[in-house]
Each structure stands twice: as C-alpha cells, then as structure tokens.
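Chemist: First the structure, then my questions, so here it is.
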C-alpha cells in the first residue's frame, strides 16, 4: 500500500469498515442491507464486552456514512463523544496519582533534610524545612531517580501478565494490592520511633519503594489502554452537524481527546495530593503524608469493583508475544547473521533499531521485510505455528514502528525528572515567603489543568479548521523543544541563585547550616514549570495516544509498557548526572539537560518525519481477526467480572 496516497488510504479505511461488518455478520449470522455509501451499524455481540441493551441505547437506528477519498481531503475532522465508563477509569487514575504523587512529593525532604530541632515526626512547622534522615541532596536525587526507574521498569512485567494471562482488569487489581502493601510499609518507615534510627528507616523506606513500584508498574501499563478501549469506534465516519456542515468523526482525534482528559485527571490528583501532603509533612509529620495517600488509594479497587460489569474488557491472548518474536525472527532470516562475511549491512545499521523496521536497510535479502512473511505470501511453506492472518503482521509492523518512536523519549524524561528532585531542592534555596519548597512544583500540574481544555477546545480544533495537521509526531517534537526551553529557564535561575546568594555557589550549605536563602522569589520558577507542563501535553499525552493507536489489539499493554520504560531508561541516564546534582555544579546540570532535550527533539524529527506522512494509513489498517491462543478458555470477559 502506498501510504502517501490519500485515495488509497480512503480505500483502506472503507475496506477496514467492511471487514469489521463482515466479522460481526459471521458471529451473529445477521445479514445487513447495504447501500453504495451507507452501512448500518450492526448490533453488538456478547463478545463485545458491553451489554446489548447498553449498546442499543447508544447505537440503535444509527446509520454510518464512511468517508470517500475526496471527503478525507476536504472535510474537517472532529472528536467523538467520550463514554461515561471512561470517566470512571479516569477517576481511578486520579485516586492512584493522588496517592503516588502525594507520597513522592515529600521524598526529597524526607531523605535529604535533617530532622528539625525538637521534632520527632519530621515536621518543620513555620520556622524550618521539614526533614527526617538528613542524607543530603545526592542521596535524595539518587533514591528518587531509582524510584522513577523501578516504577517504569515494572510496567513490562505488568504488560506481560495482562496480555498473556490475567487480562488488564485482573492485573490492575493485583497491582493495586501490591501498591497498598508498599504504601503501608512507607507509613512504618516514617513513624517517630523508626525515624529516630535513620539506618533502619532508610531500609524500611527502600523496601516500601520496591513493593510500591511493582504495583505502580502493573497499574500504569494497563490503566491507559483500559480507558481508551471504552471507546468502541474504530473507523472514521461522516456526521452532519446541526448547522448542516459535514465533518468526519475521527477515532484518532477521539482517542487524543480521551487521553487529554485522562492526563488532566492525573494532574488533578497530582496537585491535590502534593499540596495537601506537603502541608501534612510541614505541620504534622511524614507519617501523615504517607497515611492519607494510602486511604485515597482505596478508592481505586472500590470504583473498579462496582463498575466491573460495565467495562469493555479484552481477554488475554496467550502466546501472542511468542508469535510476534517468531514472526520477527522469520522476517530476519537471510537478512542478519553473526558471521560478518554474510552481512552486507554496515555495523551502524546493525545497532540502530529503525533498521529492524525499515526493509530498505537490509541489502542481502531484497524481499520486502514484512510482506515476505505474511501467511498469504508463504503459502504452503507457512509454518505450523503461524495461526494469524496478514493483517496481524501489518499490526505488528506498526507496533514496532511505535516502539522506534519512543526511543528518543529518555532525553525528554531527563528534563521532566528535574521537577521531581533538583528543582524542589532549588526552590528551598530561594526566598519562599512562607510557602513550603516542595509545593512550588505544583505549578506544573496546575498549568496542565489550565492548558489541557484550551488545547482541546481552542488550539487543536482551530488548527484542524485551518487545515493544519498537527500530527502526533509533530506534537511530540514540539514537546521536546518546550522541555528544553524550560531547562534553559532553570539554568538562568540557578545562575542568579549563585550570583546573588550570600554564600555564592554553596547555596545548600547556606540553607542547612546558616538558614539563609538567596534573595530571589521562588515564583521565578513559574516559567520553568509552565513550559514543562505544555511540553507534557505535547509529548507525554501524545505518547499514550500513539502507543494505543499503533499497537496490535492484543499487545496494547506491551507497547504502552515500552513507552513507559523509556522513563526508566531516562532515570538510569539521570544517575550518570547525579554528580552534577550538588553545589557548585547545578548550573551545568541544567545546561546539559537543556542541550540533551533540544538534541532529542531534532533527532526525533529527523528519524521520524517520513513516518509522520503515514499517519492516516497506519491508523486505518485493516483489522486483524487474530485473537491469540488464550491459555485459559474460561478466562473471558464475563468471568473477569465475577
């Protein structure tokens, strides 16, 4: 298929719609009457994951007109309506993020700052900063980076269990149980008798981090696909508005809207958790800052349990990962060898991921990389394990392209992670005016809460009306540049902290030993956090959207986990910069991160601009009918709910 040809893209979209109708016809034995351009939406089958009554309420007597190639060229695209079940999933995410960010918001002070004089709980009240273990900025930066690393490695395990064995719903519930146990251990680490023994407290704290990270990882890789799966439309269709204008209701635009508001709920939970817990640590103690998020977290299993019969759930698919690996190995046959004499490809091509997904990079075997291993192409030579169809091969190819896109993200997350450690420490050295230093970073979620509706209601629709295609890859590129700009602001701020501060480049010594601050208002950090928030809308939100829309249906958790794993990789890179996370090297720390963000943005676009031209084609691939090999046939959607 020529992905740059809009006519062919339109044909593929119509073919995909027809194929979906044919699949449902086969299951329901229901013959539909069709007109040349109008297709009636078929009734939902039991396998759809929603009750037939609920489906009929929303879709009865509805006819859909699918866009022609001319429609794709000239009609404006809009987002569809978000189902109410998606909002319940978003509320669950709000509760989880309240607990996570409420807890992690106080990590820096808990680890870095010493126990205030006369305090047994770590509360600093109005005369000093809260603290507990007094291990310094390097220790706090290292442990917070490890927490981020661990929490974003574990999604790979959570995705594996969800896609292969348990399904997303069960995996989420098991992950919640693990996270609750981790939260309880953190509470123990912050009790006054435990804080009195810093070595024991840090050991208990570390165990809590490990267990909580297991739960966080399993939750994160599955909650994002779950919310988008509540929207059932997969094919663009034409809708006539009340003013008579014809528009295309684009599922991709709807998924983008879902993730925008999903991310807004994340940040509502974040800001509520962080603000309240910062004051809890300041006036009561760290034990309360760990206890209240645990209570809030209990809202997650309660909401999920009561809504379990309303969700559209996708059953696990057994050995689908094995099938994907076998498929890739078969495609690589004759194209790569450990013997250099058999390789006609440069060493650079061997180590670059994008060459594994670009058939033009392989010189030895001239056959198309993925087309050559489709079942239809192999014919009688088709291996016995190849139980999938041609369309699934295309979906796997698309999923690998998405994984390639995420490879630049560690440089983006490197800038983002400054907000959870070094910028909090930077705020403590500035003139606070009675505001806790670890409350300032809430300017980031606040900016997101403000700008997400603006993007959804004004910016994105305005660009579509003007015919500007602000595609996911263009948005991600913009996100890199906004993140780099935010780090430039942090660099300038740190420079003036050193220049104006009473102790010069020993700002943290001044704070800890002399209780003196640089005479710069902490609100100077506003621009850094606002630019970071806008960058998240473009880069982070879009990564969720891109992972969902480009992954095979039975591998969505895995592709989402790969996207999240880039944050873990970034945390590992951040460990290499820990030596810069102390005076007098903090200016260099922010400078290096800013440069890397801009380099990442440039590199991202140069390696993906051709893929950007394929956006519509990739979104409208014919749907595969391959469901994998369920290891437990009884583990279907109905049994999951019981």
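Glycine is no exception: its Cβ is also placed from the backbone N, Cα and C atoms.
Where the annotation comes from TrEMBL, it is an automatic prediction and has not been curated.
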Chemist: Any idea which of 110-131, 220-241, 286-307, 308-329 is down as transmembrane segment in TrEMBL?
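Modeler: In TrEMBL, residues 286-307 carry the label transmembrane segment.
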Chemist: Which residues of the same chain, at least 6 past either end of the transmembrane segment (586-606), have a Cβ under 8 Å from a Cβ in it?
Modeler: 405, 408-412, 414-415, 418, 422, 426, 473, 476-477, 479-481, 483-485, 487-488, 490-491, 494-495, 498, 577, 580
Chemist: Three or more CB pairs closer than 8 Å, sequence separation of 6 or more: does that hold for the transmembrane segment (522-546) against the transmembrane segment (258-280)?
Modeler: yes
Chemist: In the same chain, which residue numbers or ranges, 6 or more beyond the ends of the transmembrane segment (476-498), come under 8 angstroms Cβ to Cβ?
Modeler: 405, 408, 411-412, 415-416, 418, 423, 426, 429-430, 504-505, 507, 518, 520, 524-525, 527-532, 534-540, 542-543, 546, 584, 586-587, 589-591, 593-595, 597-598, 600-601, 604-605
Chemist: What residues elsewhere in the chain lie close to the transmembrane segment (286-307), defined as a C-beta under 8 angstroms and at least 6 residues from its ends?
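Modeler: Contacts with the transmembrane segment (286-307): 85, 88, 91-92, 95-96, 98-100, 102-103, 105-106, 110, 121-122, 130, 132, 169, 172-173, 176, 179-180, 183-184, 186-187, 189-192, 195, 273, 276-278, 280.
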Chemist: Counting only residues 6+ away from its ends, which parts of the chain sit with a Cβ under 8 Å from the transmembrane segment (558-580)?
Modeler: 138, 141-142, 145-146, 148-153, 155-156, 158-160, 163, 217, 220-222, 224-225, 321, 399, 402-403, 406-407, 409-414, 416-417, 543-544, 546-548, 550-551, 586, 588-589, 592-593
Chemist: Which sequence-distant residues neighbour the transmembrane segment (143-162)? Criterion: at least 6 residues beyond either end, Cβ under 8 Å.
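Modeler: For the transmembrane segment (143-162), the sequence-distant neighbours (Cβ-Cβ under 8 Å, at least 6 residues beyond its ends) are 104, 107-108, 111, 168, 170-171, 174-175, 206, 209-210, 212-214, 216-222, 316, 321, 417, 420-421, 557-558, 560-562, 564-568, 570-572, 574-575, 578.
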